[in-house]
Amino acid sequence: MTQDQLKQAVAQAAVDFILPKLDDKSIVGVGTGSTANCFIDALAQHKGAFDGAVASSEATAARLKGHGIPVYELNTVSNLEFYVDGADESDEHLNLIKGGGAALTREKIVAAVAQTFICIADASKLVPVLGAFPLPVEVIPMARSHVARQLVKLGGDPVYREGVLTDNGNIILDVHNLQITNPVELEAQINAIVGVVTNGLFAARPADLLLLGTSEGVKTLKAE
């Protein structure tokens, strides 16, 4: 199977997982990126089965609306049963690196609210140790140099992602060469740097379920 076919398979698996648990009042949290887009397209076939969605980015909101799915502001939603999103890396404990698409802050907020966080990814994203994929950090623009110096002290090699502004108007530093053996601790350390909005480690709030697309079919992993 191609990578696109794997993405479509896990997207459909996520729809199949949540659909029996939805009703006409349900609101679904939706992530950002190519795998999340596959989920949106699959979910749209059943848009009469739920009320609407909360989007983690402007791009996701536009795609949902294009399918005729109502999009709600998170502040108006009291209960979010599911959040479905892709990942750039996952370990066996379902700690994730996310943010390749620069939507990490809003993704992290929606994940924090959701009762169940379902990660959908192809098998190449499952790794023994996080960090081969550069860790994105969202930074207030005036703090860029300060934050970069602090990230070097933590052992990383931060690179400014040129030409990219987040939906919140901030910049991204991608931190290379990290061996992330304690993701919960590193997430907290980076977030404690003045000027950091958040970083792409989802470890304090990892995924609850990982639907992994493999050549043998979709495998379901739960956090160990």
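Quick reminder: no glycine exception, Cβ is built from N, Cα and C everywhere.
Of the residues K65, K125, K153, Swiss-Prot puts just one in the substrate site with T32, G33, S34, T35, D85, G86, A87, D88, K98, G99, G100, G101: K125. The Cβ of K98 (substrate binding site) has 29 other Cβ atoms within 10 Å, all protein chains considered. Closest in space to E107 (active site, proton acceptor), of the binding-site residues given as S34, D85, A87, is D85, taking the CA atom of each residue. Each of G31, A36, A121 belongs to the same chain as T32, G33, S34, T35, D85, G86, A87, D88, K98, G99, G100, G101, K125, is absent from that list, and has a C-beta within 8 angstroms of the C-beta centroid marking the substrate site.
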